[in-house]
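Feature annotations, courtesy of TrEMBL:
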type    : residues                                                         : note
DOMAIN  : 2-97                                                             : domain 'Pyrroline-5-carboxylate reductase catalytic N-terminal'
BINDING : ILE6, GLY7, GLY8, GLY9, ASN10, MET11, ALA68, VAL69, LYS70, PRO71 : NADP(+) binding site
DOMAIN  : 160-264                                                          : domain 'Pyrroline-5-carboxylate reductase dimerisation'
Amino acid sequence: MKILIIGGGNMGLTYARSFVRAHVTSRLDLRLLARSPERVAALAAHEVGTVWGQPEDCVPGVNIIILAVKPQDSGALFEQLRGLVEPQQVIISIMAGVKISTLRDALGTPKVIRAMPNLPAQIGMGMTAFTSTDEVTRAELVQVQNLLSTTGKTVYVEDEAAIDASTAISGSGPAYVYYCMEALMAAAAQMGFAPAEAELLVSQTFRGAVELYSQAGLSCQDWIARVSSKGGTTEAAMRAFGQTAVREGLIAGATAARDRAEELGK
Ligand SMILES: NC(=O)C1=CN([C@@H]2O[C@H](COP(=O)(O)OP(=O)(O)OC[C@H]3O[C@@H](n4cnc5c(N)ncnc54)[C@H](O)[C@@H]3O)[C@@H](O)[C@H]2O)C=CC1
Ligand SMILES: O=C(O)[C@@H]1CCC=N1
């Protein structure tokens, strides 16, 4: 399977490494398109595939084209790709917000998939939601799911609006986790821990809590109840979280992310 990845940043490189590591394609069949000679040289040093500077040289002949540039760069990219994409080629866009209808119109091609991965894809622990146009065949969808699954778990969603919602939950989600971790590290530092100790206490607590959650069928509320002693410390923390509207703040953050994804699509 010949794959072209356009945009060799965080996500583009992650895909390239995952596909080659999982042997879903070979280095020879994997192409990366960069937008400047400097980026071509920098990407080539990663040795994950052949690196190209001009779309007309690398678009023809590939089966799948992955668009991994920032949404703000999509207009310029569409200009570069005008007239080059063939109707049998499957497009996978991971650009936040950019709608399937926009991709179809701009590229003049019917087989379009919108996917929303996240950064833990770098270590095979990613979460990707994806959806497609009707023209993508069942066999192509299976092929794409195999590709995306090299970076972690995947879920197919029927409704495109769920891609913007997943952008706000799982796409941006790792940043919310780091935000909470950083706040707890700051609390630990205020209580006298050295930075390395604060980092250890917090990171191992997140790791352990998530692993425990994954291994049993209990809800978050159930686990909170198991940590909390009557009249104890956890209850005091939960009361303070309630008074300072931490939960509402996180929900407001995720909602703002979803709204921004919708806005990027306009
Ligand atoms: N970083 C993340 O956690 C996630 C990002 N995304 C989406 O993935 C996309 C890429 O994000 P990142 O990899 O973080 O961005 P990035 O900035 O690390 O990489 C984008 C790359 O695209 C290149 N580029 C821009 N225009 C180009 C063109 N016309 N031709 C070739 N290369 C071009 C840039 O030089 C850059 O290397 C974005 O659309 C974002 O919405 C989706 C899920 C998670
Ligand atoms: O912040 C962003 O716009 C992208 C989409 C999801 C994660 N990063």
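Cβ atoms are placed via backbone N, Cα and C, with glycine included.
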Intrachain C-beta neighbours of ALA68 (NADP(+) binding site), sequence separation six or more, cut-off 8 angstroms: ILE5, ILE6, GLY7, GLY8, GLY9, MET11, GLY12, TYR15, ILE94, MET95
Across the whole of the domain 'Pyrroline-5-carboxylate reductase catalytic N-terminal' (2-97), what does the mean pLDDT come to? Round it, please. 96
For the domain 'Pyrroline-5-carboxylate reductase dimerisation' (160-264), the number of residues DSSP places in helix, strand and coil: 88 helix, 0 strand, 17 coil
Between any two of ILE6, GLY7, GLY8, GLY9, ASN10, MET11, ALA68, VAL69, LYS70, PRO71, the residues recorded as binding NADP(+), what is the biggest Cα to Cα distance in Å? 14
According to DSSP, ILE6 (NADP(+) binding site) sits in strand
Using Cβ atoms only, which residues of the same chain lie under 8 Å from ASN10 (NADP(+) binding site) while being at least 6 residues apart in sequence? LEU119, GLN122
Counting across all protein chains shown, how many other Cβ atoms sit within 10 Å of the Cβ of ILE6 (NADP(+) binding site)? 25
Please determine which of the binding-site residues listed here (GLY8, LYS70) has the lowest count of neighbouring CB atoms within 10 Å. LYS70
